[in-house]
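Just below is one structure, and these are the notes that go with it.
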Amino acid sequence: MWCLELLLPLLLIIKDVSGQWNVWIPRDISAMTNSCVVIPCTFMYPSGIRLHYGIHGIWYFGQPYPQLFPPVVFKTRTDIVHESYQGRTKLIGDLHQRNCTLLISNIGTEHSGRYYFRADLGGANIYTYPDFSELKVLDQPNIDIPEEIVADENLELTCYAPDNCPENSPEIQWMYTDYLPEPEYTSDYVAESNTAVLSSTLTFTPRPMHNGQLLGCRVSYPNTTLVYERLISLDVKYAPRSVWVNVSAEVMEGSSVTLHCEVDSNPPPRISWLFGDQEQLWDTASNASLSLEDLTPSQEGIYTCVGDNGYGVMNTSMYLAVLYPPSEPVVNGSLTILEGSSISLQCSTQGNPTPTLTWLKDGELVGTITAAEVSVLELLKLTPQGDGQYRCLAENEHGRASSSLNITVEYAPVLLDESKCTVVREGVQCVCMATGNPAPIIEFYLPDKNITVNDTDGRYNYYTHTDGHTSTGMIKLREKGERLGNGAVNVHCSISNTYGSESFHLELQQEKKYMMAVIVGTIGGVAVIAFIIAAVRYVGHNNKKENGNPGQDLVSKLENPALYYSTVKKDKQCLRKKVGEDGDYQPVGSMADLERQELNYAALEFLGGRSRDGGTSGRGDDGSDYTEIKAK
């Protein structure tokens with residue numbers, strides 16, 4: 001109140017420089033419940049106004065305009081005021097001195113709000129000032145608490161009590177400070193917005209252990225029963241002080257385990273479980289558990305629990321060992337290389353205990369067996385025989401695993417021995433076979449005709465087939481005129497791929513089955529001729545006996561040779577068809593007919609032939625003697 005007593009005289013000497021309607025009141029003012037409050041006020045009006053009926057004043061609550069019917073707090077012309085202010089308000093300023101200061105006693109929280117002053121100078125000179133004073137009625141003192149209370153950092157807490165009631169002055173005490181380390185107290189009297197406020201400041205350095213502790217500020221008015229208290233709980237922020245996790249452990253593959261983590265910090269931290277540098281789980285809490293089900297070898301390693309609450313970071317790690325058979329080895333990808341190149345194959349795996357590594361090619365051991373998690377196989381100057389599947393086998397006492405890769409060796413085409421030309425019934429067949437990677441392209445060339453055959457032609461049957469790295473081409477020459485003068489076939493085979501090309505002349509070779517047919521046919525022909533000769537001799541011998549000359553030498557008695565011929569069929573049924581039922585001679589036919597019927601014949605000479613009884617003999621027109629042989 002000392003400040004108000006000094007302030008009011010100063011307000012009254014302010015001159016009306018502008019000659020306008022103006023008012024000065026504190027924008028904010030506070031008071032404790034059941035106490036009183038004084039709202040300082042001074043006003044001004046235009047100097048040209050003459051006061052014939054004196055000056056009257058009105059205080060409104062909530063609204064400045066009478067037409068809105070705001071509650072009347074105080075009115076000089078009458079005692080009629082709002083019921084909540086009956087007997088509680090008093091104008092302690094002199095309106096003729098332009099002092100409109102208002103006293104409100106025994107206030108309650110319902111009196112908190114805005115207060116407006118209205119000047120009535122008579123006649124039309126009535127004006128409600130738009131400026132207001134906002135009253136805050138408190139039921140407990142204010143404590144100024146920093147936004148953050150951080151451990152091991154200096155802290156100041158200030159308790160405020162308004163001193164705007166001239167009847168009483170407050171006193172401030174701090175409560176529950178016995179556990180604080182070396183607390184310090186300072187008091188101050190502050191004039192804020194032209195209102196009086198008493199303050200007391202408590203200074204100390206909090207520790208993490210003070211988090212959650214209670215502190216209190218008590219305001220009392222001497223010689224009254226008015227006592228006000230406020231309690232606060234210290235929210236001391238501190239970085240994680242400890243992180244607890246399980247001890248390191250060994251578990252079998254396929255089993256389950258739960259990893260626990262507890263962190264002491266404020267605020268609660270963001271707890272993260274990391275496997276390596278990969279986050280597995282996180283939660284904002286004081287503890288978190290990571291459950292691992294059906295463990296696999298890939299889950300073996302270091303697990304770290306990290307607590308971070310923005311004020312600090314702390315972590316603790318543990319090692320989880322998983323006993324397991326070797327994991328699938330990691331090998332090079334499949335490769336395609338050129339013949340003569342060298343490469344290195346690498347194989348790596350993981351297992352507990354450490355596995356042995358073995359390299360196999362198409363099931364056969366290559367290289368050496370290595371007791372390590374990494375093995376390198378050197379392949380130098382690869383040939384086409386190096387083409388195939390390479391497998392890395394990893395083994396330990398818990399099992400085995402393997403991985404494979406394919407190596408493809410590319411090389412220029414090579415002609416195979418099966419390439420040749422052979423005589424077949426339809427003509428000549430030429431086959432060209434070659435191996436290479438990529439598979440060779442095969443073409444045939446006929447130099448005599450300057451023709452490259454790589455498609456079906458009216459005179460040629462062309463065919464190609466590829467099986468893996470081997471290509472086969474075949475051409476059939478229907479015209480045997482493609483032979484050279486010496487009986488050879490003039491056919492060239494061209495083979496080519498990305499790495500080269502060659503051309504070869506194909507030699508003519510007789511097929512075994514064709515040669516055999518020629519040999520068998522020749523032997524059969526000789527045998528048939530021998531049979532015919534024997535049959536003819538037998539028939540001639542019988543004729544001699546019928547003529548009565550069984551023992552006489554035919555050569556010496558015949559004077560003129562006669563030519564007779566006979567046909568003998570392989571099939572006797574065919575022979576009978578050539579002779580009529582009456583026994584007369586029937587023509588055999590031309591030589592061409594004999595060839596079509598596959599007949600054999602022989603020519604016989606009968607010297608001095610004579611006819612038998614019933615037979616016919618004579619001399620032909622050409623003067624030759626003849627004898628007719630009849631079949632009976």
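Just so you know, glycine gets a Cβ as well, placed from its N, Cα and C.
Note that TrEMBL annotation is computational and uncurated.
What TrEMBL lists as compositional bias 'Basic and acidic residues' is 619-632. According to TrEMBL, the domain 'Ig-like' annotation covers 130-233, 240-321, 325-408. According to TrEMBL, the feature region 'Disordered' maps to 608-632. The signal peptide annotation in TrEMBL covers 1-19. What TrEMBL records for 514-536 is transmembrane segment.
Across the domain 'Ig-like' (325-408), DSSP helix (H, G, I), strand (E, B) and coil residues number 3 helix, 51 strand, 30 coil. Model confidence over the domain 'Ig-like' (325-408) is summarised by a mean pLDDT of 89.
Each residue of the domain 'Ig-like' (240-321) gets a DSSP state, and the totals for helix, strand and coil are 3 helix, 56 strand, 23 coil.
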